[in-house]
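One structure is given here, and the rest of the page talks about it.
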Amino acid sequence: MVGDYSPISGDNTDMHSQRNSKSGLSCKMVLQAVGKVLRKSKTKPNGKKPPAEEKKQYLEAEFTKVRVVDFDLKELVMLPREIDLNEWLASNTTTFFNLINLQYSTISEFCTGDTCQAMTACNTIYYWYDERGKKTKCTAPQYVDFVMSLVQKLVTDDDIFPTKYGKEFPNAFESLVKKICRYLFHVLAHLFWAHFKETVALDLQGHLNTLYAHFIVFIREFNLVDPKETCIMDDLSEILCAPAPPAPAAPSSPTSAPSPSSHNHVTER
C-alpha cells in the first residue's frame, strides 16, 4: 500500500532509507495526481472553474422589507364579480407592461451589451425565439427591446386587446396573455439578478419589490405562467408575497385628528 511504514533496523538502514525515499516520492506523485483529478472534477469541460454563486442581495431583510403599499395584494388582483375575465386580464396585463417597462427604464443606462452580454436571471439564460421559431442568443438590452416591442404591438392591436364596446376578444387571447406575462417575468427576474444594486442606489427597491409581488400574485391567481418558469425566483416570491403583518395601531390622541395623508404613506416592513 502506498505510504506503508516499516521499522528500520541495523545494517539495513541505508537500504530502507532509499526505499523510504522512493516510497515518499511515489506517495507525493500519487497525491499530486489525485489532487489534479479532484481539481479537474470541479471544473467545466473546458477546464475553467465555474463562476461562484453570487450573493443574492435582494433577499437581504433590509431590502425585502421595503414596500410602497400596505394592503393585501390578493384582494387587489381578484376578479370583481361585475367584470368580464378577459377585460380584467387585458387591463392588468397592459398596466403591468407599462409599469415594468418604466421600471426597466430607470436602470437601462446600466444594462448594455457589455455589462449584460446575455439575458440572464439566476443560473438561467433566456434566448429569443422569432416568429419562425428561430432561437437566438442576444444581449439583455436586445432581449428586453424585443419583449417590449412585441408586447407594445399586441396591447395596441384592437383586434387582440379590443377597446370598443361590444367587440369580442380573440379565441387565443388567454394564450397571448400567458406569453406576455412569461416575457415580462423574464424582465423582472433580470432586474433583480443583474441590476438590483443600481436599483438600490436609486432608492427604487421599494417600487421594484411591490411591482414584483403584485405581478406574481396576479399570475398565480389566474395561472398565467408555469411555476417551472418562475421557480428560479421562488425564494424571493415567498418572502415578498407572504401576507404582511398588521401595522401596530398608533396611540389615539383626543386633541389631534388623523392626517388626510395617513392612508397614502410609504410603509417599510
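Any Cβ shown, glycine's included, is placed from N, Cα and C.
Over in TrEMBL, the protein carries these features:
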- 1-25: region 'Disordered' (REGION)
- CYS111, CYS116, HIS190, HIS195: Zn(2+) binding site (BINDING)
- 244-269: region 'Disordered' (REGION)
- 252-262: compositional bias 'Low complexity' (COMPBIAS)
Identify all same-chain residues not among CYS111, CYS116, HIS190, HIS195 whose C-beta atom falls within 8 angstroms of the centroid of the Zn(2+) site's C-beta atoms; report them in sequence order.
ILE107, PHE110, THR115, ALA140, PRO141, VAL144, LEU191, TRP193, ALA194
Among all protein chains shown, how many Cβ atoms are found within 10 Å of the Cβ of HIS195 (Zn(2+) binding site), not counting that one?
23
